[in-house]
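Participant: So that we are looking at the same thing, I have put the structure below in structure tokens.
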Amino acid sequence: MTNIRKSHPLFKLINDALIDLPAPSNISSWWNFGSLLGICLLIQILTGLFLAMHYTSDTTTAFQSVTHICRDVNYGWVLRYLHANGASMFFICLFLHVGRGLYYGSYIYTETWNVGILLLFAVMATAFMGYVLPWGQMSFWGATVITNLLSAIPYIGTNLVEWIWGGFSVDKATLTRFFAFHFLLPFIISALVVVHLLFLHETGSNNPTGIPSDMDMIPFHPYYTIKDMLGALIMILALLLLVLFSPDLLGDPDNYIPANPLNTPPHIKPEWYFLFAYAILRSIPNKLGGVLALVLSILILALMPLLHTSKQRSMMFRPLSQCMFWLLVADLLTLTWIGGQPVEHPFIIIGQLASILYFSLILVLMPLVSIVENRLLKW
């Protein structure tokens, strides 16, 4: 008689994805982030669900309801800060996961990669709308500034913005619909995650060498289940340290001031995980150009499979490409720093140079360096 986990239709699904899944024997800790992202999503959905039980999406009471959650609801402050800092953890894992994909050439699995880009966009949209919900100063002005960018679209721009707002400014209708979409999107993300895994399990995982590992596979359980549990433990510990010791470290103090349409904060800036894109947006003086650069800064990832000129898949044995990759990482950190700075003399030019370098590295320098490495292989 066959084992129930291999014969039962439902258990078979779980078995094929988490237990008997053949996995390369040499995947490193950089392959942990997929499962960590799954845990982040679960934490966000659960904490978000309980927060939604106490939150009211009305402009007059939204800020007050968040205060009520923190003061009067049992462990409401834990829920609120787990949710807010959980988003930061989510993005840290996302960036590391994408970085791993770039470094080891995982983008060669184009379907998995493209669904991943869709997921990145969906998570960014969810995070943006979630930031609006507490209805503080930065919530209101962030929503106003970012939605206003759509007015740069020729002909339909202004109508589109007013349609999204549900009026002539960010108001009750905007907050209500953002809450509705913020609640809905994580479930769409969950569905996309299933599609992402479906495509991944068609090809199997990549590994650090970038060489096919079909002849040397091991079962996912117990080897990688225990490895993932260690990663999860470290991440949850880091999240709890953040939540319990410095919950407001990554937030903006302006968001503790209730939204006031008559008073603009001195520096409008998004959460830290959007600062790199915000810096690229600000570095172009033209509105439409800035919006296009903003979208392309993420969409450019879809070109990675086309820009792969190397004969090797992974960067593991390509020192010149490694230099380019780490230069890209340093450039993104520079952009993140610039995004949080005021628009003043030294920062403007640094932001513009960093933006030019970002696109140059991905579109020109990395493919060129790969061609040079191919030539070096012939020597």
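Note that Cβ sites are derived from N, Cα and C of the backbone, with glycine treated the same way.
Keep in mind the model is a prediction, meaning the values are calculated, not measured.
Per Swiss-Prot, heme b b562 binding site is recorded for HIS83, HIS182, and the stated evidence type is similarity to another entry. Annotation comment: Swiss-Prot describes HIS97, HIS196 as heme b b566 binding site, evidence class similarity to another entry. Taken from Swiss-Prot, the feature ubiquinone binding site applies to HIS201. The transmembrane segment annotation in Swiss-Prot covers 33-53, 77-98, 113-133, 178-198, 226-246, 288-308, 320-340, 347-367 and rests on similarity to another entry.
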Participant: Tell me if the transmembrane segment (113-133) touches the transmembrane segment (288-308). I count contact as 3 or more CB pairs below 8 A, with pairs 6 or more residues apart.
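Facilitator: In this chain the transmembrane segment (288-308) contacts the transmembrane segment (113-133) - 3 or more Cβ pairs sit under 8 Å.
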Participant: How about long-range neighbours of the transmembrane segment (226-246): same chain, 6 or more residues beyond its ends, C-beta under 8 Å?
Facilitator: 29, 32-33, 35-36, 39-40, 43, 78, 81-82, 85-86, 88-89, 93
Participant: Rank the binding-site residues HIS83, HIS97, HIS182, HIS196, HIS201 by how many other Cβ atoms lie within 10 Å of each Cβ and give me the one with the fewest.
Facilitator: HIS201
Participant: Return yes if the transmembrane segment (77-98) and the transmembrane segment (33-53) have at least 3 CB pairs under 8 Å (sequence gap of 6 or more), otherwise no.
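Facilitator: Contact criterion met.
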Participant: Find the one among the binding-site residues HIS97, HIS196, HIS201 whose C-alpha lies closest to that of HIS182 (heme b b562 binding site).
Facilitator: HIS196
Participant: Please report, as numbers and ranges, the same-chain residues at least 6 past the borders of the transmembrane segment (33-53) whose CB is under 8 Å from any CB of it.
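Facilitator: Sequence-distant neighbours of the transmembrane segment (33-53): 69, 79-80, 82-83, 86-87, 89-90, 93-94, 96-97, 100, 182-183, 186-187, 189-190, 193, 228, 231-232, 235-236, 239.
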Participant: Measure from the CA atom of HIS201 (ubiquinone binding site) to the CA atom of HIS97 (heme b b566 binding site) and give the result in Å, rounded to a whole number.
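Facilitator: The separation of the Cα atoms works out to 17 Å.
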